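Enquirer: Before I ask anything, let me first share the structure, which is written out below as structure tokens.
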Amino acid sequence: MPSNQLEIPVSGHPAPIIDWRKDGQLVKETSRLQISTTALNTILHIRHAAKEHSGQYVVTAGNSAGKDTGEIIVTVLEKPDPPTGPIRIDEISSDYVTISWEPPSYTGGCQLDNYIVEKRETTSSDWQTVSATTVRTTIKATRLKTGSEYQFRVFAENRYGKSTAVTSPIVTAQFPFSVPDAPGTPFVSTCTLHWTPPLNDGGDHVSHYILERRETSRVTWTIVDDHVDAVSYKVTKLVPGKEYIFRIAAVNKFGVGEFLESDPFIAQNPFTTPGPPSIPVASAVTGDSVILTWERPGTDGGSEIDGFIVEKRDKDGVRWTRCNRRRLNDLRFRCTGLIEGHCYQFRVLAENAAGMGEPSEPSDYIKICEAVYPPGPPTNLKVTDYSGSTVSLSWSKPIYDGGVAVIGFVVEMKEATDDEWTSCTPSTCIEETSFTVKRLRENAKYYFRIYAMNAAGIGEHVDLPEPVVAVERLEAPEIELEAVLRKIVCVRACSTLRLYINIRGRPEPEVKWLKEGSPLSERSQLEYVLTVENCCGSKSAFINVRVLDSPSAPTNLEVKEVKKDSVSISWEPPLIDGGAKISHYIVEKREEARMAFTSVCSNCERNSYKIDKLQEGGFYYFRVLAVNEFGSGLPAETAEPVKVSEVPLCPGKITLIDVTSNSAKLTWEKPEHDGGSKIISYIVEMQTKGDDAWNMCSEGRALEVTVNGLNEGNEYFFRVSALNEKGKSEPTPLLTSVKIKDTSTVPVITLLSNTFNVKAGDDLRIDVPLRGVPIPTATWKKDGNILKETSKVNVLTSDTAAHLAIKDATRSDIGMYEVTLINSVGTTSAEIIVNIFERPGPPSDLIVNDVSADFVSLSWQPPNYTGGCQISCYIVEKRDTSSTSWQTVSATVARSSIKVSRLTQGTEYQFRVASENRYGRSHFVESDTVVAQYPFKPPGPPSNLHVVQASKSAMVIAWNKPDSDGGSPVIGY
């Protein structure tokens with residue numbers, strides 16, 4: 001229900017009382033739920049429908065005549081409730097967890113599409129999708145990290161949206177099994193008894209013994225074993241801490257002897273669990289393992305130690321987990337499977353026959369990472385330069401970096417006369433593998449050495465083999481030009497040019513740059529001169545630079561040929577090619593009325609192009625751009641717009657219309673194409689038969705001409721040419737010669753039918769064929785009056801017919817039309833009948849002829865206007881005056897009267913009638929209101945009631961007729 005509205009039709013008389021109930025309870029109106037009732041309907045309007053509006057609604061309508069009930073089930077479609085929790089953890093493993101849940105209690109009024117399952121690690125607040133298309137209520141979430149804690153949440157989804165989520169408890173991805181917990185405190189549950197055979201065997205050997213026991217707190221004895229063959233026995237299933245007494249009796253074939261009791265005995269172990277070992281010490285730490293060592297505990301608890309258990313705990317966790325699967329007999333263990341970068345604590349537990357002892361104190365946190373050592377000495381130490389106050393050194397990184405990246409170097413020096421080394425580099429060391437030591441004393445002798453440094457510290461040093469004397473070195477200037485600079489250096493226009501050139505010389509030479517001027521050429525080439533100079537001499541080098549740019553505009557752009565839909569243009573290459581070969585040209589066009597150019601061809605490789613598909617008669621500008629590898633250059637553009645047109649085609653067929661004794665009338669058709677430019681005029685030429693010369697006899701824009709001044713009896717040839725701004729077309733000749741003679745005739749009308757029918761609203765066109773020489777003129781009349789031309793009525797006369805056109809014909813256009821043709825020879829006329837078909841007018845004189853309790857008789861007169869055709873039927877409708885809706889009585893009444901039956905007595909009615917033909921139905925004409933009732937009343941009371949005769953068992957009474965019979969004869973008393 002897009003409108004959230006229940007509209008129930010309700011009828012009844014008197015008007016019924018409406019009652020709405022939902023799920024058995026009376027519906028209460030609120031701002032969101034409202035009930036309204038009209039004469040025909042009861043409406044339940046729900047605004048912003050929600051879940052609570054779903055249910056079974058019962059609407060009851062009742063009045064004094066009875067009641068009726070209807071049931072409506074309303075379902076509100078929305079997103080569902082969340083799945084029913086809690087989420088169950090069905091299975092856990094090291095890399096997956098299986099969870100399940102129950103469907104939501106409310107599905108949103110429609111079927112669920114799927115469930116959406118998400119997960120997150122407890123260390124993060126970001127939720128990740130496990131599945132967005134789960135249709136069952138269980139899922140196996142895989143690819144989990146072993147040991148990580150996860151939380152899951154589940155959404156229900158239907159086609160109207162996604163519910164809120166139900167969230168699971170936190171679960172750790174781990175194997176469903178683990179190392180066992182420490183055993184309980186060991187206790188003695190067994191006891192071994194020993195005895196000697198009796199001194200007196202009773203005359204027969206002892207076959208066996210009977211052993212019994214009791215707790216000292218009890219008085220009853222319990223048989224331990226009633227057939228013991230040996231003189232010792234191991235008693236089991238004793239309760240730790242309980243005190244027991246045992247007794248034994250010997251048995252031979254004569255019976256059981258006396259029992260011998262033991263002293264009281266408490267069931268307990270003779271030793272305890274061992275003490276804690278020493279704190280484990282870590283060594284040989286790698287990226288995933290560590291070696292642990294420890295000492296034995298101070299006490300073994302009275303029993304030999306069977307082995308040790310090593311446990312670890314991650315700094316980010318709280319649980320201790322076992323490291324070794326089997327008990328260790330050694331005091332050393334390599335723990336593997338650790339995560340690099342994590343910190344761990346370790347502890348050790350000892351175990352003997354009494355069980356697991358107390359754990360040792362935990363070790364300090366140990367970070368798991370690869371072990372590092374100081375690096376080896378740098379290599380390839382050498383002097384690269386020196387002067388009176390500086391020495392420049394360079395070296396290579398050490399071969400051995402100690403297991404971690406080298407972070408820098410330390411340079412030290414000492415004078416030959418000193419014993420102490422001093423650092424030349426900052427305290428933070430330097431990262432480069434070269435260094436210049438400054439502020440040295442001139443002519444002094446120095447020693448140098450280099451250390452490498454990493455995270456573990458400073459490594460071994462490497463010494464410069466020989467001392468260095470700080471003296472000035474003289475060297476003539478030198479310029480080292482790379483191979484690329486020896487050629488022409490190319491650079492893009494508007495970009496920055498940087499030339500890197502190595503120069504040498506002691507002392508440092510002075511550098512000068514000069515640019516040699518040159519006239520602008522096609523390739524924009526410049527020459528630079530570099531000069532370096534010091535006290536030992538000078539050196540120069542030349543560098544040629546070519547500036548690369550897009551080309552200049554093409555030259556000599558010309559329009560070569562113009563057709564009705566195309567233009568051909570040509571041009572010359574640009575003077576400046578921008579330092580690269582012209583690859584192609586771009587041709588563009590622009591209509592005179594527009595500002596922007598559009599591309600016609602973006603890859604033209606020639607110096608000319610034909611531009612097709614232009615609009616005939618349109619004015620265009622054209623331009624051409626040259627393109628090289630650096631882009632498109634400046635455009636060359638036509639100075640004036642070019643009109644796309646050509647001379648027109650020759651005119652169409654020429655027809656001789658009329659010939660008199662001194663003239664000839666010609667007509668012709670327009671050319672099939674005007675060449676893209678408007679036709680200015682038509683030139684008519686004639687030639688006398690036997691003469692070679694053509695003479696122009698007419699020039700005008702009309703498609704006909706009357707050539708006068710011809711000689712009767714002569715024969716003439718005619719031809720016509722079309723002219724536009726581009727020139728004159730080829731002429732079209734009249735195929736035969738024309739002989740000048742009198743050919744006049746009386747006008748003649750040839751009508752096949754003089755009746756024209758048209759549907760109202762359509763256009764009416766009457767064509768009257770005619771003949772006559774000279775061509776007659778036509779006049780039109782309607783119902784005897786001259787027919788005037790208006791925007792609706794148009795009259796036209798051609799050489800072959802007289803035409804009358806009436807737009808949107810209506811009833812007023814019906815009538816008798818007359819057309820009259822007149823020429824110099826005579827006159828003729830014809831009458832034409834016009835009939836308009838449309839829907840009829842309404843019936844007239846609707847009257848009520850007869851009224852009774854259950855029927856009414858109606859009659860009427862046919863419509864004054866039948867719409868130009870026969871009435872097909874009448875439509876009769878009625879309505880109760882208490883209602884606004886009309887009901888059809890009959891839609892096929894052929895006569896102009898009807899008897900309307902099945903009326904309700906006492907009800908007031910109104911009737912209406914419309915006429916119908918094949919073009920539509922008329923307006924209705926309505927009757928006066930009438931009450932369905934008998935046309936007479938009940939009779940009045942009889943009068944003069946009296947007793948005529950009386951007896952013991954009978955009485956005769958008599959009376960007179962009532963004064964009024966109510967309009968109908970009395971049929972009984």
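Every residue, even glycine, has its Cβ placed from backbone N, Cα and C.
Note that TrEMBL annotation is computational and uncurated.
The feature domain 'Fibronectin type-III' is assigned by TrEMBL to 82-182, 183-270, 276-371, 377-473, 553-647, 650-743, 842-935, 941-973. Here TrEMBL flags 747-835 as domain 'Ig-like'.
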Enquirer: Check the domain 'Fibronectin type-III' (842-935) against each of 377-473, 553-647, 650-743, 747-835 and return whichever range has the most CB pairs under 8 Å.
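Expert: The stretch with the most close Cβ contacts to the domain 'Fibronectin type-III' (842-935) is 747-835.
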Enquirer: DSSP says what for the domain 'Fibronectin type-III' (941-973): how many helix, strand, coil residues?
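Expert: Computed counts for the domain 'Fibronectin type-III' (941-973) are 0 helix, 14 strand, 19 coil.
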Enquirer: In the same chain, who gets a Cβ under 8 Å from the domain 'Fibronectin type-III' (941-973) while lying at least 6 residues past its ends?
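Expert: Result: 935.
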Enquirer: DSSP helix, strand and coil counts for the domain 'Fibronectin type-III' (276-371)?
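Expert: Final tally across the stretch: 0 helix, 36 strand, 60 coil.
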Enquirer: Within the domain 'Fibronectin type-III' (842-935), count helix residues (DSSP H, G, I), strand residues (E, B) and coil residues, in that order.
Expert: 0 helix, 49 strand, 45 coil
Enquirer: Could you pull the average pLDDT for the domain 'Ig-like' (747-835)?
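Expert: Across the residues of the domain 'Ig-like' (747-835) the model's pLDDT averages 88 on the 0 to 100 scale.
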